[in-house]
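**Student:** Sharing a structure, written as structure tokens. Questions coming.
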Amino acid sequence: MKDPQTLTLDPPPSFTLFPSLNLHQKPITFHQISTLLITFFAYAAFHASRKPPSIVKSILGPDPDHPNPNSPQPGWPPFNSSTGTHHLGELDLAFLSAYSIGMYIAGHVGDRIDLRVFLTIGMIGSGVFTVLFGLGFWFDVHLLGYFVVVQVCCGVFQSVGWPCVVAVMGNWFGKGKRGLIMGVWNSHTSVGNIVGSVVASSVLGFGWGWAFLLPGVLILVVSVIVFLFLVVNPETIGLELPGEDDEEEETGLVKNSEGTALVELQKVEPEEDDDDEQVVESSSTAIGFLEAWRLPGVAPFAFCLFFSKLVAYTFLYWLPFYIRHTAVAGVHLSHKTAGILSTVFDIGGVVGGILAGYISDIIDARAVTSIIFLTLSIPALVVYRLYGSISMFSNIFLMFLSGLLVNGPYALITTAVAADLGTQSSIKGNSRALATVSAIIDGTGSVGAALGPLLAGYISTRGWNSVFFMLILSLSFAGLLLVRVVRNEIKEKVNEGKWLWFSGIVH
């Protein structure tokens, strides 16, 4: 029986099914690009299947402009009653609570089994339950419990995705340009939202069930590609990242015939005639959950993401509803137009994620970059709420700017920061901490993501100014949680001879 702490991975089935491709002969750059594209489309598919609930909210829920509240309401029972927005918020809570709890478990499991198989299982489950939600339309289901159970199950399977794709990317890409690479890669979130919004909005005329059916089928199709082609790490196919040899000489990594790290040798000074080397605990040992929490920087970034993701997911789940029920230049937009227009926020998110990653690479300071974006996002939301409805141009521009600033730190923390913290020197580059650390950070953020849409569902009945106040307060807390990390980051740069103009501030 194999040591449970030693994980040996097999190449994906494509190496056997398509031998003519000679994939093992390709340079490592080919595999890095392939991994980036496969994980990109995999997580884009996750988010595309996550978007339909926000698109159909304005169809399922009550119409606040309906002339006679005592007459039959448009919408879909039980969501079209006076408490319909509460029920819609509860659906979001059901999904995101299961997602956040499942994230912690998924990260723990992901460091211990084949990530390719685990990711495939998560995608198949997500697709099946997304389709089941849509089937409620054709089978005329009006039970709140049915939709809640489907959302809980979908949330559990969706939680598998993030720890897996971050861990795989961390295995294939070093730290040098990680911010930029992962900033570009993390646009999968916004791309998935855009695809999900456009697809779901385009088929609303045929019935809201189609908004769930098509994204559900999409993720099932992509899961086949992941299972056949995804290579979890270079060692799986006998490759090494550039510079790996030097690191192995310094740390004493010993690998088996398949390239999988087994043990770490630590040389000790000989005592008299003792020239033997001491074998210490395997570097392939998966890091413990509580141990990962104690790693430097993990807790502050995790709780920062709690508030940052609360804001991002409130927009994700409620922005189309907000646009639909807020007149732009005195005109109320259609369900379809509101859904498509909401993609502007995600387009801004693509630019924000890339920009935040690029800036953080240049200044080599993730926390400083994050707090700058968080600080600027506060006035951006204020201006969007006050002036976004004046004209279509102001709405689009201010929505784009808000998406850029809100999603910038969210994207940076969930990708480059999580990968940095999961491979920091205090754990000697143990790659098997990646899934656990990324799950802790994004899992904590997902608790905030669950809370935000729920609160928005209740608070929106008092007016949207109250919702925006909640979002601004959350961004303020997110920035405050990084103050100490930012201060330490600046001190480190000053001590290294960089950023000397900050020396008067930190000393």
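Yeah, the Cβs are placed from backbone N, Cα and C, and that goes for glycine too.
Predicted automatically and left uncurated, TrEMBL annotations should be read as such.
Pasting the relevant annotations from TrEMBL:
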- 28-46: transmembrane segment (TRANSMEM)
- 28-491: domain 'Major facilitator superfamily (MFS) profile' (DOMAIN)
- 57-79: region 'Disordered' (REGION)
- 67-77: compositional bias 'Pro residues' (COMPBIAS)
- 117-139: transmembrane segment (TRANSMEM)
- 145-168: transmembrane segment (TRANSMEM)
- 180-204: transmembrane segment (TRANSMEM)
- 210-232: transmembrane segment (TRANSMEM)
- 298-319: transmembrane segment (TRANSMEM)
- 339-359: transmembrane segment (TRANSMEM)
- 371-390: transmembrane segment (TRANSMEM)
- 396-421: transmembrane segment (TRANSMEM)
- 433-455: transmembrane segment (TRANSMEM)
- 467-486: transmembrane segment (TRANSMEM)
**Student:** With a cut-off of 8 Å between Cβ atoms, can you find at least three pairs linking the transmembrane segment (210-232) to the transmembrane segment (339-359)? Only pairs 6 or more residues apart in sequence count.
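**Tutor:** With fewer than 3 qualifying Cβ pairs, these stretches do not touch.
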**Student:** With the transmembrane segment (180-204) as the reference, which stretch in 145-168, 298-319, 396-421 has the largest tally of C-beta pairs below 8 Å?
**Tutor:** 396-421
**Student:** Determine the mean pLDDT over the domain 'Major facilitator superfamily (MFS) profile' (28-491), rounding to the nearest whole number.
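**Tutor:** Mean per-residue confidence for the domain 'Major facilitator superfamily (MFS) profile' (28-491): 83 out of 100.
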